[in-house]
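Since the structure comes first, as structure tokens, the remarks are kept for the end.
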Amino acid sequence: MALLPRALGVGAAPSLRRAARALTCAMASPGEPQPPAPDTSSFDYLVIGGGSGGLASARRAAELGARAAVVESHKLGGTCVNVGCVPKKVMWNTAVHSEFMHDHVDYGFQSCEGKFSWHVIKQKRDAYVSRLNTIYQNNLTKSHIEIIHGYATFADGPRPTVEVNGKKFTAPHILIATGGVPTVPHESQIPGASLGITSDGFFQLEDLPSRSVIVGAGYIAVEIAGILSALGSKTSLMIRHDKVLRNFDSLISSNCTEELENAGVEVLKFTQVKEVKKTSSGLELQVVTSVPGRKPTTTMIPDVDCLLWAIGRDPNSKGLNLNKVGIQTDEKGHILVDEFQNTNVKGVYAVGDVCGKALLTPVAIAAGRKLAHRLFECKQDSKLDYDNIPTVVFSHPPIGTVGLTEDEAVHKYGKDNVKIYSTAFTPMYHAVTTRKTKCVMKMVCANKEEKVVGIHMQGIGCDEMLQGFAVAVKMGATKADFDNTVAIHPTSSEELVTLR
């Protein structure tokens, strides 16, 4: 600090000290920084993408004294706020209300034949999202972060430079946090594929579809199929194999498939769309079912109002002109980074879905903040630990999972060193209801001390109960630690501390 102005010493205001520290950290990077071109605006930190990860990193950097800017071409908040987690959770809550209405009579209430209005919930949902957009805008303004509206592409310059609407911007530290986009089949693969929509289009629907076909077996497909079915749409879920969520623990994969079918979703197994045609009564799908050991059969699904592709997500990196600065990607376009979120180009970083690892909003936020602390607070070891990240699927009933699946644990520790505890029961909520859902739980333990390395569950309340158990797994709790915890009765969560 001796080389800094006297005003930035011990007695300086916190904001000035933070700015000085940020400047010191930025200057501490190895290599000789090149001055920007005369027609280029310069910042300490330039973030491409105004989604959860980018905004979290920019705001944390600003708190630490960096002069930051965010480039965003659309609405602030990214996928999560606009076409993901937030509006999805509103629709899931709506679907849960619909399910509970079926149980009112069993709980002693007079028959409730409430008529559902898609228009009402859509209007309220969209208004809520709009309020969040405004909050994000205000937060950036309060943090003195400049917002640059437009599409960013890397351009020529003495150091990594970004061009937006004909203007150039640069910084010693540039973060790419552009997220991902839904995958859509190419017309050459499936003629008429463009007649379908994606999860983005789901939030643009003006009416509840009468007949829906969801294609995909991942969590997005499962969630949307469950929502539409619960709200009254005749729904089919088309999957290539015989189970959904095949990357999850086998217990969850099997049980979720069963619960979907019990809830009235038609699960079309070993089935794929071959062609889509538009008719006077909607869409007509030609599908092929190829059950192993049997001859493939072709059938038609007529009068489809909503065909929704939920077959994965692609990195939103195509328009960035990454080759201009030589940033390396994989074959799908995911930006390659190391454990500290560094790309192969000095001073350029990436977080979130564009990297293709753990596509979850809290992961992008945590990684972005850790990066800001490393760059502007001199915390050189600041990085996100990607192990034991908890996740929830808002299915019906919801799924909670953290840590290793049984198969992953066996692969890591050996079959003889893994012990499984599991249970299945009917939640007390259903003690008096005609409608039933199960709750299933599995605890994966490793080695002699029976360290808990994985917890997987599906049932009412599993979404909310997971967070606390995830802390225990992250801290290295053992089965004995769970056993020594007094149960809360009567709850579903007590099952995890009474497993035998």
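Here, residue 1 is simply the first one shown, and the rest follow in order.
From the backbone N, Cα and C atoms, a Cβ is placed for every residue, glycine too.
Residue with Swiss-Prot feature N6-acetyllysine, selected from LYS75, LYS167, LYS324, LYS379: LYS75. Disulfide connectivity taken from Swiss-Prot links CYS80 to one of CYS85, CYS112, namely CYS85. Under the three-state DSSP scheme, ALA152 (FAD binding site) falls in the strand class. Rounded to the nearest whole angstrom, the C-alpha distance between THR361 (FAD binding site) and TYR136 (glutathione binding site) is 15.
Cβ neighbour density within 10 Å is lowest for CYS80 among the binding-site residues CYS80, ALA217. Here the binding-site residues are SER52, THR361, and the one whose Cβ sees the fewest other Cβ atoms within 10 Å is THR361.
The DSSP secondary structure for GLU72 (FAD binding site) is strand. Taking the C-alpha atom of ALA152 (FAD binding site) as reference, the shortest distance to any of the recorded positions CYS85, GLU223, LEU359, VAL392 belongs to LEU359.
Each residue in GLY53, GLY54, LEU55, ALA56, SER57, ALA58, ARG60, ASN139, ILE365, GLY368 lies on the same chain as SER52, ARG59, TYR136, ARG369 and has a C-beta within 8 Å of the C-beta centroid of that glutathione site, without being one of the site residues.
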